[in-house]
Amino acid sequence: MKQKYSKKSKKWIYITTIIFILILDISSKRLIIKYIKTYDTKKIFSVLNFFHVHNHGAAFSFLSDQNGWQKWFLSTVSILTILVMTRIITKLKKQETKKITAYSLIIAGATGNLIDRIFYGFVVDFIDIHINDWHFATFNIADCSIFIGIIILMRINYST
């Protein structure tokens, strides 16, 4: 009896993590849309700006210069990623918490960016990290979630 409760509570931890990241991602993007005009910048710290930009492509604006087909392609890739990662999680042993966490983070990020593509036709990016005049690619919380999930998976795969 106790083991079933433990297994269910662990599932809820991962589901709650996904929901929390989605709420954080969607809320932050809505605030950016509401308070910062497109292509405007708000300085937060010396190395951090909020720069409101619309990304019609993938990471690093890959495919953003295409004529619209990329929205459907990237949405399909996101849906397949979410489905595959969910299937992988259901096949993992409950003791593989690091892998489940990593896949949950990737699912949350892919879902956040998919929601943007469906509702806006693009992904809202706003986190601008820079040193003087050098700026890293602008990103969002969903991108951070995907990145952290990938880093966790890489550490798991390369530490054994």
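In case you wondered, yes, glycine gets a Cβ from its N, Cα and C as well.
As given in Swiss-Prot:
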| type | residues | note |
| --- | --- | --- |
| ACT_SITE | D125 | active site |
| ACT_SITE | D143 | active site |
| TRANSMEM | 13-33 | transmembrane segment |
| TRANSMEM | 72-92 | transmembrane segment |
| TRANSMEM | 104-124 | transmembrane segment |
| TRANSMEM | 134-154 | transmembrane segment |
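With a cut-off of 8 Å between Cβ atoms, the residues of this chain six or more beyond the transmembrane segment (134-154) that come close are 21, 24-25, 28-29, 51, 53, 55, 59-61, 98-99, 101-106, 108-113, 116, 123-128. Counting same-chain residues at least six beyond the ends of the transmembrane segment (13-33), those with a Cβ under 8 angstroms from any Cβ of the stretch are 50, 52, 89, 100-101, 104-105, 107-109, 111-112, 115-116, 124, 126, 140-142, 145. Each residue contributes its Cα atom, and for D143 (active site) and D125 (active site) those atoms are 9 Å apart. Close to D125 (active site) in the fold, though at least 6 residues off in sequence, lie F51, V53, H54, N55, T138, F139, N140, D143, each with a CB less than 8 Å from its CB.
Counting every protein chain shown, the Cβ of D143 (active site) has 21 other Cβ atoms within 10 Å.
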